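*Asks:* My structure is below; once you've seen it, I'll send some questions.
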Amino acid sequence: MVSESSVEKKQKANLGRNDSSSSSSTDENDFRRPDVHKKFHLFGRHKSLHAALGGGKLADILLWRNKQISGGLFAGATIIWFLFEWIGYHLLTFICHSLIVSLAILFFWSNLSLFVNKSLIEFPKIELPEEPWTQVALLLRDQFTCAFGIFREVASGNDLKKFLYAIFGLWIVSIVGRWFNLLTLVYIIFVMLLTVPYFYEKYDDQVDAYGEMAIKELRRQYSQLDEKVLQKLPIPFIKDIKQD
């Protein structure tokens with residue numbers, strides 16, 4: 001009986017040790033295991049697209065939360081592009097003709113109402129809202145500041161990778177500039193600002209998945225270029241960067 005009890009005690013002690021070791025190993029594995037369920041987002045954003053765009057009226061316009069303003073801007077930009085690109089209107093002529101038509105309609109309308117209603121029309125006072133224009137100005141300021149900072153960083157000669165990205169991007173823009181004039185290019189960018197965020201918010205899962213695959217492929221191509229070409233270039237600062 002004594003031997004059996006001692007054997008049972010030893011077995012229980014061994015089981016306790018195994019359980020503690022297995023639990024500690026599982027805890028370590030859970031701690032070391034990466035978060036495979038972490039969702040990939042383009043540009044490394046951790047907020048919703050509406051919040052990433054500022055969360056104000058500008059974001060509402062870009063994401064078509066206010067469909068009247070967004071549709072009006074889209075239609076107005078399309079009409080202006082059609083007039084300048086297809087009809088051959090010039091900017092100064094277009095402004096003058098628009099003012100002539102507007103002033104003539106308002107002048108005759110006010111005089112006609114004076115004869116019919118015996119009273120002058122009181123035109124409403126037009127005041128542009130401050131908040132959207134302030135947001136646009138701040139957004140442009142931030143973008144220009146970021147662009148100048150990137151230009152300074154690339155021109156400093158410390159990062160070959162960013163230098164190659166900048167050269168490749170400018171080369172692509174120069175090719176696109178051969179296909180379109182400045183007005184058409186501005187119109188395309190404006191249309192993209194009004195359409196790309198909307199469709200990206202609508203199909204963000206699919207776009208993020210394809211974007212992740214594209215980024216992985218670009219990194220793989222760059223690693224091959226770096227291994228086969230860049231490391232063999234006789235440039236001193238490349239070796240310094242690799243050592244760091």
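A Cβ is built for glycine as well, from the same backbone N, Cα and C atoms used for every other residue.
Dumping what TrEMBL says about this protein:
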REGION    1-32  region 'Disordered'
COMPBIAS  1-11  compositional bias 'Basic and acidic residues'
DOMAIN    58-244  domain 'Reticulon'
TRANSMEM  68-84  transmembrane segment
TRANSMEM  91-112  transmembrane segment
TRANSMEM  185-200  transmembrane segment
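On this model, are these features tucked inside or out on the surface, and what's nearby?
*Replies:* This prediction places the mean pLDDT of the domain 'Reticulon' (58-244) at 82.
Long-range contacts of the transmembrane segment (185-200) within its own chain (CB-CB distance under 8 A, at least 6 residues past either end) are made by residues 42, 49, 53, 61-64, 70, 73-74, 77-78, 81, 85, 176-177, 207.
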